[in-house]
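Asks: Okay, handing you the structure first.
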């Protein structure tokens with residue numbers, strides 16, 4: 001457990017891709033996406049040159065400072081050991097923009113495995129979806145690195161992907177063709193819905209942990225909130241002054257954060273559409289000239305797994321960590337050309353990807369959640385804001401449960 005005032009993030013490890021000459025003509029080298037599997041046993045990154053690297057987690061001990069590796073390993077991973085997990089390289093044939101792991105273990109995923117591997121005994125199947133430059137989505141089986149499905153429908157780059165956390169193997173894709181598409185991997189990857197309405201490229205999609213809502217961010221000042229039950233538009237959230245490029249729900253689905261080129265993160269109540277707070281990314285040093293006015297443009301935002309912190313990556317070469325109830329960052333780390341970030345699902349680590357194709361792993365705040373926050377998180381996992389407001393409880397308690405006490 002860390003103190004209430006987090007220390008500056010420390011760089012734990014950095015992974016760099018090779019530059020095989022045979023790949024150089026195909027694509028650039030940016031790491032557009034990084035992802036941990038939900039159980040924390042795998043890490044994936046789109047390391048450029050049409051390649052996705054799958055790495056067992058935790059990293060080999062030579063990459064991790066002494067005393068840290070044991071903290072980041074879950075008991076589940078301890079029990080099964082590393083022997084069966086081997087690093088893999090997936091050659092996707094196109095620039096890889098989006099990555100998403102399926103929830104795991106999942107009974108429906110075993111059906112998918114059985115259809116494609118009828119000769120193999122029934123086993124759990126962890127899946128990785130990759131969104132490609134040509135609009136294709138390739139679905140891979142992580143344990144073996146085998147290609148299971150190829151989903152066609154998008155007419156341009158698939159920029160982001162998100163599985164429903166429930167394990168139903170419903171996949172949402174966001175594309176530069178200005179649409180989102182819903183796929184059912186239990187029905188051989190059947191496309192079940194196309195969501196239209198955005199006027200610009202769709203950069204990001206995020207499904208709420210309770211599987212009720214979908215947020216999409218395009219090169220527009222507003223973000224769209226969709227129902228995952230009816231696949232219809234619930235509302236537009238308006239408040240940013242420039243393109244919104246990233247979004248994420250809190251672990252209890254009660255909050256939504258959106259990041260924009262306007263240098264701010266806005267925290268919303270997705271149920272009411274209320275804007276609860278803005279986090280402004282001011283430069284630590286004054287700009288050298290007029291060309292630097294957009295140096296703090298946001299690239300990525302994500303919630304920590306316990307829901308008490310946010311991480312943001314901006315063009316001013318900083319990784320910032322924010323405490324949920326404070327308006328200023330609690331920690332900074334210098335990073336160059338950052339594009340994306342994500343927390344390790346068991347906490348303690350943040351992974352960031354860069355334009356150079358590198359991945360960096362940083363220490364993240366380790367806190368013991370208060371009993372109040374744990375109760376709020378548990379209640380908000382199944383109660384909407386309106387249901388909380390209807391409870392026969394004191395006003396101050398309602399304000400706390402609806403995150404109105406900032």
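Each Cβ is built from the backbone N, Cα and C atoms, and glycine gets one as well.
Because TrEMBL annotations are produced automatically, they should be read as predictions rather than curated entries.
From TrEMBL, here are the annotated features:
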type: REPEAT; residues: 128-150; note: repeat 'WD'
type: REPEAT; residues: 151-186; note: repeat 'WD'
type: REPEAT; residues: 195-236; note: repeat 'WD'
type: REPEAT; residues: 237-278; note: repeat 'WD'
type: REPEAT; residues: 291-325; note: repeat 'WD'
type: DOMAIN; residues: 370-406; note: domain 'SOCS box'
Asks: Considering only Cβ pairs within less than 8 angstroms, which of the stretches 128-150, 151-186, 291-325 has the most against the repeat 'WD' (195-236)?
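Replies: The stretch I would name here is 151-186.
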Asks: Mind checking which residues of the chain, 6+ beyond the ends of the repeat 'WD' (151-186), have their Cβ under 8 Å from one of its Cβ atoms?
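Replies: Beyond its ends, the repeat 'WD' (151-186) has Cβ neighbours at 32-33, 38, 95, 97-104, 106-109, 111-112, 127, 129-139, 192-196, 198-207, 209, 211, 214, 216, 218, 226, 228, 231.
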Asks: Looking only at residues six or more beyond either end of the repeat 'WD' (128-150), which have a C-beta under 8 A from one in the stretch?
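Replies: For the repeat 'WD' (128-150), the sequence-distant neighbours (Cβ-Cβ under 8 Å, at least 6 residues beyond its ends) are 27, 35, 37, 42, 44, 46, 52, 54, 84, 88-90, 92-102, 112-113, 116, 156-161, 163, 171, 173, 175, 177, 183, 185, 188-189.
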Asks: Which residue counts does DSSP yield for the repeat 'WD' (195-236) in the helix, strand and coil classes, in that order?
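Replies: Helix (H, G, I), strand (E, B), coil: 0 helix, 23 strand, 19 coil.
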Asks: Could you give the number of helix, strand and coil residues in the repeat 'WD' (237-278) as assigned by DSSP?
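Replies: The composition, in the requested order, is 0 helix, 24 strand, 18 coil.
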